[in-house]
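Copied from Swiss-Prot, the annotated features are:
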| type | residues | note |
| --- | --- | --- |
| BINDING | Arg48, Arg54 | NADP(+) binding site |
| BINDING | Arg125, Ser126, Ser127, Asn238, Ala239, Gly278, Lys293, Pro294, Thr295, Ser296, Ser297, Arg319 | FMN binding site |
Amino acid sequence: MSGNTLGTLFTVTTFGESHGPAIGCVIDGCPPGMGLTEADIQIELDRRKPGTSRHVTQRQEADEVEILSGVFEGVTTGTPIALLIRNTDQRSKDYGNIVETFRPGHADYTYWQKYGIRDYRGGGRSSARLTAPIVGAGAVAKKWLRERFGVEVRGYMSGLGEIDVPFVDWSYVHENPFFSPNAAVVPELEAYMDALRNDGDSIGARIDVVASGVPVGWGEPVFDRLDADIAKAMMSINAVKGVEIGAGFDSVAQRGSVHGDELTPAGFVGNHAGGVLGGISTGQDITVSIAIKPTSSIRTPRRSITKSGDEATVETFGRHDPCVGIRATPIAESMLALVLIDHALRHRAQCGDVETSTPKIAGSAT
């Protein structure tokens, strides 16, 4: 299997399966000299880990990270950083009924047809469990971006099923299991998820991510555009079926006189472009939204086929998130941070000494 590495200069290669002994990643290209401890990474992993509320999978994993290499006396050395997270609460017997059948909407059928073998236990390599190492690597990227450039990457849930979650304030995001920026909506979200769980069904979600403090100039046209790499990274997250940057699909109904963000000496007027023009960062906030499909593993009986092609009915009895979007905010933040640190290093390598006589205007004129 190839395609396990993200990035060009700052690379992350993940490994492991949902019910294997451990999962993890190897980070290559991290600059030396940055203070880094397991606690720096654990705080992000704890935001993503399972079993934190009744609305997510009840698989109990501590997700305790071990730094195996790349750090000496609490400082990055510039050599590969290996992160290990041991699996401790696998329950593979729950998947005995899908050894010979394929779950609708899951990767079972495609993995089998491509490789001729699949790890049916918890989805194996295709499981969202493999987003834990991404969050671990994202913690490293976030720390470097914050300390080197003052970049902050934050996200929140902006929609759950048919429920819109209007943004109110960042302070609410860390006070509820949904990463909702609106405290008033949380009771409605809880009631919705309770009813969904009783129905044995699942639902999707929308997550918004914002990176503030990104300097102008990051991005490598034509085929490594910053927004193209962001879209690829976001689409690499399990269950993501759509990505918007800036106004996204709303751009279709906007006139050029509205969508084009005017420039003034005081700064940009609007940010419909989402902080990227021509594949290069503008110095404005980078705004990204992702659409996450409903969880494929549900208790509701579904039609499928066996390996022999015969008709079958599938019910999934494992411990699954009724909405994977509930825990997706730290994952989306991490993916954006990983793309940004990679492009920061690429920009420094080629254009770090470039200066122009044009002043760098503010991201917003207001």
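Even glycines carry a Cβ here, placed using N, Cα and C.
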Local Cβ density at Ser297 (FMN binding site) - other Cβ atoms counted within 10 Å: 27
List of residues, in chain order, with Cβ under 8 A from that of Ala239 (FMN binding site) and at least 6 apart: Ala128, Gly204, Ile292, Lys293, Thr295, Ser296, Val324, Gly325, Ala328
Cβ-based isolation winner (fewest other Cβ atoms within 10 Å) among the binding-site residues Arg125, Lys293: Lys293
Conformational class of Lys293 (FMN binding site) under the three-state DSSP mapping: coil
For Arg48 (NADP(+) binding site), the one of Arg125, Ser127, Ser297 that lies nearest, given that the binding-site residues are compared by Cα: Ser127
Close in space, distant in sequence - Ser127 (FMN binding site), Cβ under 8 Å, 6 or more apart: Glu17, Ser18, Asn238
Ala239 (FMN binding site) in three-state DSSP notation: coil
